[in-house]
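S.K.: To start, I am sharing the structure in question, which I have written as structure tokens.
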Amino acid sequence: MTSIAISSGSFDPITLGHLDIIKRGAKVFDEVYVVVLNNSAKKPFFSVEERLELIREATKEIPNVKVDSHSGLLVEYAKMRNANAILRGLRAVSDFEYEMQITSMNRKLDENIETFFIMTNNQYSFLSSSIVKEVARYGGNVSGLVPSCVERALKDKFQTPLK
């Protein structure tokens, strides 16, 4: 049986922290779908299409990763892909309460889909897409925080020189 996992998020933009979780998940599962979810509570900086392209570029060296988007419930997407797992990254204890609520709801919707938590490497424990955008907005150096394709895309969006 093929093991299929879903790694979802807004990825606005994808960071090296996200990429770390994806790479580590890809070592455990036969296939990993990286899915951009449309979060109605967030106003996106990059369009869904831009995010998909950035993720494809960032994950092109990982052969068992596929990139997609979805606007419905994650559990429904997982069922559609015959996935048996959801991958979630945890940066700090503060992430756990929110993630536990989401996991409990997903389990209520489908008890056959397990959630696997992966602790972020310490070097990325502070990192979020919001922080990256804020630093880039003011022309700060985001290399070492995001893949190079994202660094270029941020520079283009903000019209700032790379530092």
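Note: Cβ is positioned from N, Cα and C throughout, glycine not excepted.
Sharing the feature lines straight out of Swiss-Prot:
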- Ser10, Lys42, Leu74, Arg88: substrate binding site (BINDING)
- Ser10, Phe11, His18, Gly89, Leu90, Arg91, Glu99, Tyr124, Ser125, Phe126, Leu127, Ser128, Ser129, Ser130: ATP binding site (BINDING)
- His18: site 'Transition state stabilizer' (SITE)
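Can you walk me through where each of these features ends up in the structure?
M.R.: Arg88 (substrate binding site): 22 other CB atoms within 10 A of its CB, across all protein chains.
Under DSSP, Glu99 (ATP binding site) is assigned to a helix (H, G or I) in the three-state scheme.
The number of other Cβ atoms within 10 Å of the Cβ belonging to His18 (ATP binding site), over all protein chains shown, comes to 26.
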S.K.: Same-chain residues six or more away whose CB lies under 8 A from the CB of Ser10 (substrate binding site)?
M.R.: Val36, Leu37, Asn39, Lys42, Pro44, Arg51, Ser129
S.K.: Please report the three-state DSSP label of Ser129 (ATP binding site).
M.R.: helix
S.K.: Rounded to an integer, what is the Cα-Cα distance in Å between His18 (ATP binding site) and Arg88 (substrate binding site)?
M.R.: 10
S.K.: Around Leu74 (substrate binding site), which residues of its chain at least 6 apart sit with Cβ under 8 Å of its Cβ?
M.R.: Ile6, Ser8, Val35, Leu37, Ile86, Asn106
